[in-house]
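Quick look at what TrEMBL lists:
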{"type": "BINDING", "residues": "D482, N509, G511", "note": "Mg(2+) binding site"}
{"type": "DOMAIN", "residues": "44-149", "note": "domain 'Thiamine pyrophosphate enzyme N-terminal TPP-binding'"}
{"type": "DOMAIN", "residues": "241-359", "note": "domain 'Thiamine pyrophosphate enzyme central'"}
{"type": "DOMAIN", "residues": "451-576", "note": "domain 'Thiamine pyrophosphate enzyme TPP-binding'"}
Amino acid sequence: MDTKIGSVDTYKPPCSDMCSPANVAVSALQSSVHPTTFNSPDSTLGRHLARRLVQIGVTDVFTVPGDFNLTLLDHLIAEPGLTNVGCCNELNAGYAADGYARSRGVGACVVTFTVGGLSVLNAIAGAYSENLPVICIVGGPNTNDYGTNRILHHTIGLPDFSQELRCFQTVTCYQAVVNNLEDAHEQIDTAISTALKESKPVYISISCNLAAIPHPTFSREPVPFSLSPKLSNKMGLEAAVEAAAEFLNKAVKPVLVGGPNLRVSKASDAFVELADACGYALAVMPSAKGLVPEHHSHFIGTYWGAVSTAFCAEIVESADAYLFAGPIFNDYSSVGYSLLLKKEKAIIVKPDRVVIANGPSFGCVLMKDFLQALAKRVNRNPTSYENYSRIFVPNGHPLKSEPKEPLRVNVLFQHIQNMLSSQTAVIAETGDSWFNCQKLKLPKGCGYEFQMQYGSIGWSVGATLGYAQAVPEKRVIACIGDGSFQVTAQDISTMMRCGQRTIIFLINNGGYTIEVEIHDGPYNVIKNWNYTGLVDAIHNGEGKCWTTKVFCEEELIEAIETATGPKQDCLCFIEVIVHKDDTSKELLEWGSRVSAANSRPPNPQ
């Protein structure tokens with residue numbers, strides 16, 4: 001059945017247990033929207049775009065004003081269901097839309113032509129890499145300037161206005177340049193529907209002199225359009241399930257591993273359904289953390305090769321069959337291409353294809369359909385989980401700190417672990433926080449996000465802003481290194497303006513630690529800031545904000561008690577001072593292997 005986008009009035013948020021927009025749905029129902037009168041303030045292009053955003057579940061749009069988008073912004077903020085969140089720069093606006101899309105299933109940002117568009121480009125590229133539908137809207141040139149030889153400001157000084165478009169063509173799945181009203185409705189609807197269908201960012205440029213003009217195509221709501229659901233080839237699905245069931249049922253100790261493409265395939269629930277049916281040991285790849293419930297009775301942790309959760313790699317790599325659902329094998333997730341896996345033992349389930357060992361490949365088979373059907377055909381076999389239970393040794397606890405002893409990172413994360421609940425979500429910045437947060441055990445309903453494929457340092461500040469704006473009922477706990485924070489610190493300001501209650505742990509170890517462990521040099525040392533002083537200056541007595549700096553466990557305990565007690569309604573910024581060499585063993589191992597992969601000599605020609 002087609003899903004009507006144009007007649008939306010409700011939006012189903014993702015299942016909180018999965019902490020991912022895997023179950024995003026747009027409901028088709030009779031509209032209660034009254035027709036607007038042509039030439040009314042509601043029948044303009046700008047208001048039409050605003051209504052479309054609200055209809056697909058976007059209630060906050062992240063913006064940076066510029067002269068080409070100002071009128072458009074007027075019409076967006078006139079929409080009662082849409083809140084304008086003004087950001088400090090375009091990069092953070094894009095990161096915020098990324099974080100928002102991770103929770104809501106779709107996000108949007110608005111910037112100005114070229115000078116804003118090229119600034120947001122990096123964030124849109126990151127969203128593309130992570131399969132996030134972000135609608136990037138740009139206020140474009142006046143329609144009268146197209147096709148002329150004029151040179152415009154905010155450009156590189158050439159009369160060719162297509163530079164920005166050409167850049168976005170590589171990092172978006174659809175581009176719409178709206179410079180006339182006749183097909184504006186169709187272009188906007190096609191762009192939005194493509195973003196949702198492909199789960200990728202799209203680019204919409206709207207000429208600055210069009211946003212306020214009424215047009216008959218915008219005079220009635222809804223003007224429905226539909227998303228035809230993707231369907232599996234029935235014969236291919238049956239053949240794939242039969243071959244996979246035969247492959248797995250003859251195995252002695254098979255395992256399941258969830259990958260990041262569970263999100264784009266909307267298959268997290270189906271994956272859990274299979275896990276419940278088969279009884280195999282259940283692991284996740286690092287970039288899939290948060291997409292699979294860690295409270296599942298057969299969950300064994302993160303499979304990340306040599307830096308896996310304790311005892312997880314032993315079970316996965318010794319299995320005689322493994323099903324990977326939605327994996328992405330890159331140099332980071334494979335720890336410098338060092339995974340001890342064999343193709344002949346693997347079933348790889350892609351979003352629309354199933355590959356079984358060295359044998360057949362089945363196309364036009366959707367992951368969700370395949371996993372649900374396989375759950376009905378696979379024999380229950382808990383051997384791999386029993387093997388895990390046999391060798392498992394519970395994690396030790398950090399040695400008790402001496403009074404006023406300098407704080408250790410493992411002690412810090414022991415206390416962060418105790419803060420987690422169904423009412424929290426974790427944002428992990430690129431760096432050692434990847435590895436330390438990976439070891440956190442997520443309780444039921446606890447969110448978790450990080451950007452592994454693109455790995456852009458500084459991502460977490462904007463993403464935290466966007467994620468927290470999307471789910472105000474959750475308290476976001478962000479773990480950010482000092483080097484990353486220096487890239488995007490400004491939008492702490494926007495968090496305060498929005499009244500967010502995030503707890504930020506600024507881990508100050510004096511530099512780019514993750515780069516140090518890959519390849520050290522003087523460029524990895526940064527200027528130390530008075531981070532709490534900076535945030536206090538940004539606060540400037542406006543809004544609710546509390547900061548503190550901790551050096552030892554006693555001060556950390558006191559800070560957490562304050563942040564979760566008297567200051568629970570505030571943005572809490574806790575600067576944690578740790579030694580520059582206090583890094584996880586996982587980062588040391590991972591950095592060494594990635595360094596080796598990066599430094600391979602050229603193959604002889």
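Cβ from N, Cα, C; glycine included.
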* To do: Average the pLDDT scores across the domain 'Thiamine pyrophosphate enzyme central' (241-359) and report the rounded value.
  => 96
* What residues, ordered by sequence, lie under 8 A Cβ-to-Cβ from N509 (Mg(2+) binding site) and sit at least six positions away in the same chain? -> D432, G481, D482, V578, H579, K580, D582, T583
* Let me know how many other Cβ atoms fall within 10 Å of the Cβ of D482 (Mg(2+) binding site). => 25
* Asked: By DSSP, how many residues in the domain 'Thiamine pyrophosphate enzyme N-terminal TPP-binding' (44-149) are helix, how many strand, and how many coil?
  -> 50 helix, 22 strand, 34 coil
* the domain 'Thiamine pyrophosphate enzyme TPP-binding' (451-576), counted residue by residue under DSSP: helix, strand, coil -> 58 helix, 28 strand, 40 coil
* What are the DSSP helix/strand/coil residue counts across the domain 'Thiamine pyrophosphate enzyme central' (241-359)? -> 39 helix, 25 strand, 55 coil
